[in-house]
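Colleague: Please see the structure below; I have some questions.
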Amino acid sequence: MRSPATNFQGRLLRKFSPIPTRQSIEKLRSFSQHSSSFSDTQEKLESCFDGHFQNILNKLSKHNVYKTVPSIADVSLDSNVRLTLFSGVLCSCASKGCLNEGKAVHGQVIKNGMDPDLDFWDLLVSLYVKCGSLQCARQVLDEMPERDVVSWTVLIKGLVDEGYSRDGVRLYGEMRKDGIRSNGETLVSVLKACLGCLELEFGLQLHAEVIKMGFFSNFLVGSAFVEIYSKCGLMELASMAFFYISKKSVVSWNALIDGYALMGDWEEILNLFCEIRELELKHGKFTLLTVLKSCAHLGNLRGGKAVHAQAIKIGSELDKFLSCCLLNMYSKCEFPEYALKVFQRIRSPKIVAWSAMIHCLHQQGQSQEAAEMFCTMRHSGVSPNEFTLASLISAATSLGYWKYSESIHACAYKYGFQSDNFISNALVTMYMKTGFVNNGWKVFNAMSIRDTASLNALISGFHDNRACHLGPKIFREMLVIGLEPDIFTFISILKSCSYILDVGFGKQVHAHIIKDDLSSNGQVGTALLDMYAKCRCLEDADVILNELTERDLLTWTAIISNYAQSNHGQKAVKCFIQMQQEGLKPNEFTFSSCLSGCSSLILLDCGRQLHSLTIKSGLSCNMYVATALVDMYGQCRCIEDAEAVFKGMASRNASSWNTIICGYSLNGQGNEALQAFRIMLDEGFLPDEITFIGVLSACSHVGLIEEGETYFNSLSRYYGITPTIEHYACMVNILSRAGKFIEIESFIEKWKLTNNPLIWETILWASKVHGNVGIGERAAKKLFELEPRVDYNYVMLSEIYAAKGKWDDVVKVRALMSNQGIHKEPGCSCLEIDGEAQTFFAQDLSHPKIREIRVLLEGLSR
């Protein structure tokens with residue numbers, strides 16, 4: 001039970017702040033001795049000595065004169081009065097954080113053998129909690145002869161406020177075992193503890209207890225439960241807790257909104273905000289911040305404008321956090337002009353606003369404007385931070401200006417960011433993406449501390465600059481120095497392995513992926529699929545595909561594309577069918593990849609079925625799909641169908657024109673190909689390397705030697721294109737078809753093509769066509785040096801001899817092949833039967849239906 005002095009103590013502490021003079025204490029003792037009861041003392045103290053006690057307490061509070069505590073204890077006062085005085089001193093110590101002085105009071109109480117009441121014990125616990133001495137507070141709690149809910153709550157709250165959430169939860173358990181019922185303040189504190197350590201099971205038990213006690217409708221308690229369930233991802237329970245709050249405040253609404261934000265349910269956040277507006281509840285900037293984020297994620301410009309209007313209405317538009325959220329929202333909604341208007345309304349914008357605006361402009365592709373705004377910011381006297389520089393470095397990467405990149409680099413050093421890993425990694429990425437590999441390498445070497453992101457930037461940069469052979473070396477060094485690769489590391493190094501066709505090292509990387517338990521990751525799995533498929537390890541690719549637990553459209557498209565590029569079109573089609581069976585709808589890239597597979601296998605019927613599917617899916621008019629259809633029909637020798645699809649295209653790009661030009665050339669329609677090229681130029685499309693391969697092939701088919709030479713010379717002269725080996729081979733083909741072997745030799749010498757197999761293969765083929773044994777022998781001899789294991793070259797020379805009746809030479813060539821262990825690859829035919837490709841090899845008896853085939857052939861031969 002509390003002492004009868006409770007009410008008096010409260011009034012005394014509200015009025016007094018003692019200065020203990022000897023005179024005032026003697027008067028106090030005199031009144032105490034002549035009073036028949038404590039109530040008499042109370043009356044006299046209140047009526048006669050207000051001034052003395054007020055002076056005492058004031059002086060103690062203002063000047064920290066705690067040395068007088070022993071004086072108070074030495075005077076013979078009533079115990080209750082002394083405890084009341086000590087209570088005032090304890091309150092002053094607690095408010096000012098004076099731990100030592102508070103301990104002195106505690107010591108005097110113990111020394112004088114006083115018997116404090118429960119209120120005094122609670123003050124002691126509160127003193128130690130407020131002064132940060134939780135251990136002493138716990139010791140006092142353990143020594144208390146009697147404890148109430150206040151005692152426990154003060155310490156629980158102190159533990160939670162200091163971050164000891166689990167200790168707070170445990171202490172609450174002790175309190176309940178002690179038979180003490182909690183109150184609203186206790187519940188709020190312990191719920192905060194539960195939230196800090198995310199003890200869901202304890203939270204559910206507490207929930208049941210709260211319902212039993214009837215506190216569930218309390219808005220503070222209910223809001224805490226909403227927050228706990230939200231952070232644990234249990235939005236149904238969070239919504240239920242919210243529903244039962246009797247008087248929902250903005251705190252309750254914010255707790256629920258924040259929960260949906262954690263779950264990424266941006267639509268529901270907008271719905272809740274609409275409810276808040278319908279109920280005409282007052283809301284602050286914190287509500288608007290979360291709602292703006294949801295508008296940004298959804299690209300909801302209309303909702304964002306409504307929130308903007310609310311921000312203006314409550315006078316928070318120019319708040320530094322809210323204005324940055326507005327800038328971000330307008331950026332994500334692709335309205336940088338609105339973002340600029342918001343920015344211009346901010347008076348003396350700080351670095352956060354400048355950074356947000358620069359980032360907004362860069363994200364919308366306005367890198368030049370972002371750079372100009374950075375200059376304006378510097379002229380305004382605002383220094384950049386690491387986020388400003390990161391956005392600026394990204395803008396410089398997009399612009400690709402060498403001088404601008406150097407300027408940004410110098411700026412980073414000027415403002416002291418040379419040792420910042422975040423900025424250094426961004427600089428490495430910038431130099432690598434703009435092609436200045438040496439500069440990126442220098443920045444990397446200058447870094448005192450390198451992390452995984454640093455190595456990722458380097459490996460990815462080497463891949464982008466076709467220096468993939470350096471990727472494995474960097475990866476090994478990364479493991480040696482103890483850095484752990486992450487998902488981006490594995491994806492980058494697997495891309496390098498794909499490019500250099502190093503399946504051996506790729507398998508080593510695969511082993512590390514298995515070790516790090518990342519095999520089931522969709523992005524990593526797709527990169528592994530790509531590596532194995534490009535290295536022609538299709539069985540391994542199939543294993544990876546089957547191991548992936550979550551196969552999305554991107555994964556399927558990657559494997560279909562790789563099968564198509566590896567001339568395994570039938571597998572590409574099977575994967576396409578399996579993908580649809582799993583409920584995934586193909587997009588334009590999936591269709592394009594699968595159509596490419598049909599082109600390589602000459603699966604015309606499958607191609608036509610895919611064409612029908614594109615029409616059904618509404619993608620037949622898509623530029624990428626239509627281009628793939630033109631290519632497929634051209635490869636399948638259905639040039640009329642290719643032409644029909646091409647003419648029906650609503651829009652075309654350079655790739656579309658390249659496809660029809662090459663299709664005409666492949667089908668021997670050289671004049672049509674050249675006519676298409678002229679129309680392409682008239683429509684303003686610039687030709688590229690592939691365009692000229694089709695054009696030169698067309699000249700070869702038609703026999704236009706002079707026109708071919710003109711087009712070849714225009715490559716570098718007018719279009720700035722460096723001729724590739726395919727262009728040289730086309731020119732050799734043009735000359736060889738006309739039998740101009742002397743000009744061919746001059747051409748080879750002029751362009752230094754004597755060591756390229758493709759050139760000599762073209763000459764060997766032309767020698768066979770024109771029956772030129774001498775040139776054929778020379779070409780074959782060169783090919784035997786360059787490609788000693790290729791059977792095609794020996795067979796071609798043998799056929800040249802056979803055509804001229806030189807059977808002894810034929811025998812010599814066959815003997816040469818035999819001595820070197822070279823065997824001619826058997827010829828094969830590929831036919832489509834009932835929608836499935838069947839391959840037949842010469843002299844092959846292993847076909848599962850060889851008997852039926854032989855019976856049919858015998859029947860046909862009769």
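Any Cβ shown, glycine's included, is placed from N, Cα and C.
What TrEMBL says about a protein is an automatic prediction, not a curated fact.
Feature list, courtesy of TrEMBL:
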REPEAT    148-182  repeat 'PPR'
REPEAT    249-283  repeat 'PPR'
REPEAT    350-384  repeat 'PPR'
REPEAT    552-586  repeat 'PPR'
REPEAT    653-687  repeat 'PPR'
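Describe the structural surroundings of these features, if you would.
Modeller: Helix first, then strand, then coil: DSSP counts for the repeat 'PPR' (148-182) stand at 26 helix, 0 strand, 9 coil.
Packing against the repeat 'PPR' (249-283) from elsewhere in the chain are residues 219-220, 222-224, 226-227, 229-231, 233, 235, 238-239, 242, 290-291, 293-295, 297-298, 300, 303, 307, 310, 314: each is 6 or more residues past its ends and has a CB under 8 Å from a CB in it.
A mean pLDDT of 87 is what the model gives for the repeat 'PPR' (350-384).
Long-range contacts of the repeat 'PPR' (552-586) within its own chain (CB-CB distance under 8 A, at least 6 residues past either end) are made by residues 522, 525-526, 529-530, 533-534, 536, 538, 541, 545, 593-594, 596-601, 603, 606, 610, 613, 617, 836-837.
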Colleague: Count up the helix, strand and coil residues in the repeat 'PPR' (552-586) according to DSSP, in that order.
Modeller: 26 helix, 0 strand, 9 coil
